[in-house]
Amino acid sequence: AREISAKASTRDMHLHDPTTTNEGPLSIATPGELKGYWEAHKRFGKLKWNEIIQPTIDICKNGFEMSKHMYDSLHTNSKVKMDKQLRQMYVDEHSNEFYKPGTIIKPDKLCRTLEIIAEQGGDSLYIGKLAEMFASDLKDMGSIITKHDLEEYEVRWNDSIPIDINGDIMYVIPPPASGILVSYIVNILKNYNFKPEDISSVNSTILTYHRIIEAFKHTYGKRTQIGDPKYVNIDDLVKNLTSSEYAENIRLTIDENSTKDGPQDYGGQFYIKDSHGTAHISVLGPNGDAISVTSSVNFYFGAAMTGNRTGIIVNSGMDDFSSPGLLNYFGLPGSERNYIQPQKRALSSMAPTIVVGKDGNVKLVVGAAGGTKITTAVAMIIIKMLWFNNDIKEAVDTPRIHHQLIPMALQYEFGNLDGVLQGLESKGHKTFRYRERGSIVCGIAQNGTGIYANADFRKGGEVVGF
């Protein structure tokens, strides 16, 4: 249920003004998330649709407290203050500052929209009166998305890709999402036969992390070859990045003593922009069903525009595409496979993943928010739990490392040992500490003793049992 470009979209639509990729009406993609939930409900749902939506309506009407994370996020998108409805909800008119954490927020127009969705179904945003209202909102904003774009949106049902990890089966999501990148990292590393002893001392951790970082770098060298399989042929890419043999050949090229500084040494040619307006939920049902769902409006508060009739904050999903001739912050071109075409899905960092044990029971449900850091975060949770014997609390909470090839530096969180970082630097890795929240993981683990869940403290998520 990934958003798609409008039918009127063209590959050069942003060339006149590169800022239109991530703000304003041309940054909006045709949304698909709600229709995805609706189609899933029709196929698998047990409760009535309106019963599922009602708790959200209650929260909307009663109001909800602005969290610290929401407050911080408002400061990252300066356009929020320029939208009339967002300004009414989040800005104190006397001080012209954002309301403080703890302030009660009530998005009244959105409440009515949710009521219509509850009454008329999840396709009401695509066909019918609400769809007409939303299309009018989009037209007023200056978007090229039309009523026909909404009507023609279709959910794709794709099979997940099974990956064997020494008898456990990891299920990853196919392109244009990044599940095959998680599989590539794990496949490169699995023949090292990692065990807890490999991170038991500073020296052993240096070598282990070096190997992991090299796997990250090789993986991000392949990232921009991903595209929408409906528009580009990526059969060979999918075959290679899910192949144990292909990954093993890459592993054998890794130098234990040093790293390389050229992106081309890892197959990297392009850079893909990051995104931050993402959320993830992992679910394990009493009957054993497991669900891992990642959703996004791309940047915090999306395009920073709100429908006057519907109260819907629209996404800035077009920013996930590449445009010919436009260079990014690092002076690199975008990937041709990810150029805009009408009704196309853009490359996504999302990587919701499920691991099933040898006994056929779900072992791990995991996913993350955090743009390009999603892939490495999800891979590290799997590595820590399956090979280092971490529990879900340790795996999610411990400080992370990340390398995405460009910039050519190891990014790390506070809490990583200085001795380990110095050892990695001695192998040639440039390092810098990132101070933003990074990736936000939500995971559920199950073993013979029970079910254990952890929502990342970095964003203030919650765990709920029923």
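Yeah, the Cβs are placed from backbone N, Cα and C, and that goes for glycine too.
Because TrEMBL annotations are produced automatically, they should be read as predictions rather than curated entries.
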Candidate from GLY24, GLY268, GLY371 that TrEMBL assigns to the same L-glutamate site as ARG2, SER296, VAL297, ASN298, ASP320, SER348, SER349: GLY371
Cα-Cα, SER348 (L-glutamate binding site) versus THR278 (active site, nucleophile), nearest Å, comes out at 11
Neighbouring C-beta atoms (10 Å sphere around the C-beta of GLY371 (L-glutamate binding site)): 24
Starting from the Cβ of SER296 (L-glutamate binding site), draw a 10 Å sphere and report how many other Cβ atoms land inside it. 25
Measuring Cα to Cα across ARG2, SER296, VAL297, ASN298, ASP320, SER348, SER349, GLY371, which the record gives as the L-glutamate binders, how far apart are the two most distant ones in Å? 15
Across every protein chain in view, the count of C-beta atoms other than its own within 10 A of the C-beta of ASN298 (L-glutamate binding site) is 28
By a simple count of other Cβ atoms within 10 Å, which of THR278, SER348, SER349, the recorded positions in the record, is least packed? THR278
Cα-Cα separation of SER296 (L-glutamate binding site) and THR278 (active site, nucleophile), in Å? 4
Give me the Cα-Cα distance between ASP320 (L-glutamate binding site) and THR278 (active site, nucleophile), rounded to a whole Å. 13
